[in-house]
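To keep things clear, I will list the structure first and then write my remarks on it.
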Amino acid sequence: MELRFPRFSQGLAQDPTTRRIWFGIATAHDFESHDDITEERLYQNIFASHFGQLAIIFLWTSGNLFHVAWQGNFESWIQDPLHVRPIAHAIWDPHFGQPAVEAFTRGGAAGPVNIAYSGVYQWWYTIGLRTNEDLYTGALFLLFLSTLSLIGGWLHLQPKWKPSLSWFKNAESRLNHHLSGLFGVSSLAWTGHLVHVAIPGSRGEYVRWNNFLDVLPYPQGLGPLLTGQWNLYAQNPDSSNHLFGTTQGAGTAILTLLGGFHPQTQSLWLTDIAHHHLAIAFIFLIAGHMYRTNFGIGHSIKDLLEAHTPPGGRLGRGHKGLYDTINNSIHFQLGLALASLGVITSLVAQHMYSLPAYAFIAQDFTTQAALYTHHQYIAGFIMTGAFAHGAIFFIRDYNPEQNEDNVLARMLDHKEAIISHLSWASLFLGFHTLGLYVHNDVMLAFGTPEKQILIEPIFAQWIQSAHGKTTYGFDILLSSTNGPAFNAGRNIWLPGWLNAVNENSNSLFLTIGPGDFLVHHAIALGLHTTTLILVKGALDARGSKLMPDKKDFGYSFPCDGPGRGGTCDISAWDAFYLAVFWMLNTIGWVTFYWHWKHITLWQGNVSQFNESSTYLMGWLRDYLWLNSSQLINGYNPFGMNSLSVWAWMFLFGHLVWATGFMFLISWRGYWQELIETLAWAHERTPLANLIRWRDKPVALSIVQARLVGLAHFSVGYIFTYAAFLIASTSGKFG
């Protein structure tokens, strides 16, 4: 018999319709559902694919370094980071003739180029890279790592090198190795790089392999470490008039706790960063020796979980049974990993702009905006994925007998309470926030702005004051000069920190008012509603009041309206699908808020945000409409400009986004009819009918059409905002 796609499912391969192709693509990575799969082969396949993933990442980062070295302007950017625009790569084939060539020839380049808004120039500069040769060396090294990863992946698919199932199930050893080896050793190595290469580089000392062993990163070398005088490493830090990359104002300290920002680069002190990584390394190296493996010492996770019986018995059997439930469910583990990674990614977005670590990145406004938005969107997709795999866990892996009356079972037992509380919180936030916005809109429309309801965020202001912001006049903790909190750190990190918090030119603890109060609650509404949909989708995945157990229906069971027995109540796939819209919606509000707040800060007209953000028309008119003017003006009677490409992308993004609705607002029968009409016409058209297909064309399933619609909606939404964000920011600040 001929081999047809998909080879992993004989049932699908024999399907006579086009369903074979689409279902084949959809289940290609669902190894669990493949023919002849065993638990051991499942783990081995996933393990080997991780190497492929690493190879792709190394290749991609290698490409970044290579193209900047080849076509960029790294060496001239270093001479003047604030005024030279960093080049990502050349544009081979600029369409639209001479005007396009002129519009895109910038940054000192000979021909058309793309500008880098990723912050890689600032990062490479901070960590000690200085020449194009450095970049080429890095690119080649990463290419080598990529090749190594591919070989590793191939090797671990060979019979002799396939790890056994027991190896994959050995959670303690894996944790020890990942905590010590992955986090601990790599943090220690990074501290070493910062101390030996980056910090000398920031002081005008060029350290490479040829002089690595001759240049002492600290005048007394290891002396202070071996004699216990560790405080010496913090003495003589860089002065406040230090010029980054030169000896002027440079100190000799390597591990400090200065607090605040380097006055010239507006980024964290490199010696503070090294100190931070050393502390992280220390913690993780200890943490990686906590669990019991071959030596009979340390904690057994199973024993820990079994021993934790809640006092008084009011919380059931605590964590009994959880170890095996988690250790035997890849989906549970993936859900936990995605949830953690999602939170970390969002935290990265928040900290990259408020506590910038890379030299001069805080003054590259477009890069700041792009990085914040990028990391928030990534976080949103990762977090929704966590709940999707949580739902799949309940359907495929959850065993009620194994988890009787433990914390997991009790979550399911009182899911109605959880869901209804989330629902109540969402309703409260939604009605009150919208009510305030609409009231304020009406007041402005009728010319009585003084009748707006404006609420000062006093609790948030109090928290900012506790961290040392003096604007609001709260005399509390770090903003009180005679309290114990202030006195404890006054001679170490506090002067630097307090200067940073109270200087209004950076993004640390921005001054907040009624507009911030409202948009904060709008974002809270989005977060709670997204969470409600996702939590309900996971908790009801196996069954609900209407349908007690749907284990055999699988995950991608469609919600098909009340006529089909109320299946919407329990379709985990549909919950995920709805949640992604809410996730995108919420991140829209988050990024609008961040961007508008910062544009007014950077332009020095914060009153525009403060006055216009308290009503919806203000957001529509003074943020969206006002800032899209450059995009609408991308092509005009005077020819092209460097924003034209973003103007085109803005239009194209809207088009992709709108295409999504064609798939979202339609019935399956319509598609089937359309496809049969097209097939009929094709078969009766001369020349066209020379091309035949073997598979009978059938319409997409309900779930597939929703996926196609969702994909277009998401991609279009993000493209549109990306173009808006980059054009409106770079158009203002260059």
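A Cβ is built for glycine as well, from the same backbone N, Cα and C atoms used for every other residue.
Swiss-Prot lists CYS559, CYS568 with the feature [4Fe-4S] cluster binding site, giving sequence analysis as the kind of evidence. In the three-state DSSP classification, CYS568 ([4Fe-4S] cluster binding site) falls within a helix.
Neighbour list (HIS654 (chlorophyll a B1 binding site), Cβ cut-off 8 Å, at least 6 residues apart, same chain): GLY716, THR720. Summarising the annotation, Swiss-Prot assigns chlorophyll a B1 binding site to HIS654.
The Cβ of TYR670 (chlorophyll a B3 binding site) lies under 8 Å from the Cβ of no residue that sits 6+ residues away along the same chain. What Swiss-Prot lists as chlorophyll a B3 binding site is MET662, TYR670, and the listing cites sequence analysis.
The phylloquinone binding site annotation in Swiss-Prot covers TRP671. Cβ contacts within 10 Å of TRP671 (phylloquinone binding site), excluding its own Cβ and spanning all protein chains shown: 18.
For 46-69 (among others), the entry in Swiss-Prot reads transmembrane segment.
Within the same chain, residues 44, 47-52, 54-56, 58-59, 61-63, 65-66, 68-69, 72, 74, 124, 129 sit at least 6 positions outside the transmembrane segment (135-158) and bring their C-beta atoms closer than 8 Å to a C-beta of that stretch. Look at Swiss-Prot and you will find 135-158 (among others) tagged as transmembrane segment.
The annotation transmembrane segment is assigned in Swiss-Prot to 175-199 (among others).
Sequence-distant contacts of the transmembrane segment (273-291), counting only residues of its own chain at least 6 positions beyond either end whose CB sits under 8 Å from a CB of the stretch, comprise 172-173, 175-181, 183-185, 187-188, 190-191, 194-195, 198-199, 254-257, 298-301, 357. The feature transmembrane segment is assigned by Swiss-Prot to 273-291 (among others).
The transmembrane segment annotation in Swiss-Prot covers 330-353 (among others).
Within the chain, the transmembrane segment (369-395) has long-range Cβ neighbours (under 8 A, six or more residues past its boundaries) at 117-119, 329, 331-332, 334-336, 338-339, 341-343, 345-346, 348-349, 352-353, 530, 534-535, 537-539, 541-542, 550-551, 553-555, 572, 575-576, 579-580, 583-584, 586-587, 590-591, 594-595, 598, 718, 721-722, 725-726, 729. As annotated by Swiss-Prot, transmembrane segment applies to 369-395 (among others), with the evidence given as sequence analysis.
What Swiss-Prot lists as transmembrane segment is 417-439 (among others), and the listing cites sequence analysis. Residues of the same chain lying 6 or more positions beyond the ends of the transmembrane segment (417-439) and with a Cβ under 8 Å from any Cβ of it are 411, 452-453, 455, 518, 521-522, 524-525, 528-529, 531-532, 535-536, 539, 614-616.
The annotation transmembrane segment is assigned in Swiss-Prot to 517-535 (among others) on the grounds of sequence analysis.
Per Swiss-Prot, the feature transmembrane segment maps to 575-596 (among others); the stated evidence is sequence analysis.
Tertiary neighbourhood of the transmembrane segment (643-665): same-chain residues 96, 100, 103-104, 628, 630-635, 700, 705-706, 708-724, 726-727, 730-731, selected by CB-CB distance under 8 Å and a gap of 6+ residues from either end. Taken from Swiss-Prot, the feature transmembrane segment covers 643-665 (among others), and the record attributes it to sequence analysis.
Marked as transmembrane segment by Swiss-Prot on the basis of sequence analysis: 707-727 (among others). For the transmembrane segment (707-727), same-chain residues at least 6 beyond its ends with a Cβ under 8 Å from one of its own Cβ atoms are 117, 366, 369-370, 373, 377, 577, 580-581, 584, 588, 591, 595, 627-628, 630-631, 634, 643, 646-647, 649-650, 652-664, 700.
CYS568 ([4Fe-4S] cluster binding site): 16 other CB atoms within 10 A of its CB, across all protein chains. Just so you know, of the binding-site residues CYS559, MET662, the Cβ with the fewest other Cβ atoms around it within 10 Å is the one at MET662. Beyond its flanks by at least six residues, the transmembrane segment (330-353) meets 42-43, 46, 362, 368, 371-372, 374-376, 378-380, 382-383, 385-387, 389-390, 392-393, 396-397, 507, 594, 598 of its own chain at Cβ-Cβ distances under 8 Å. Counting in whole angstrom, CYS559 ([4Fe-4S] cluster binding site) lies 19 from MET662 (chlorophyll a B3 binding site) by their C-alpha atoms.
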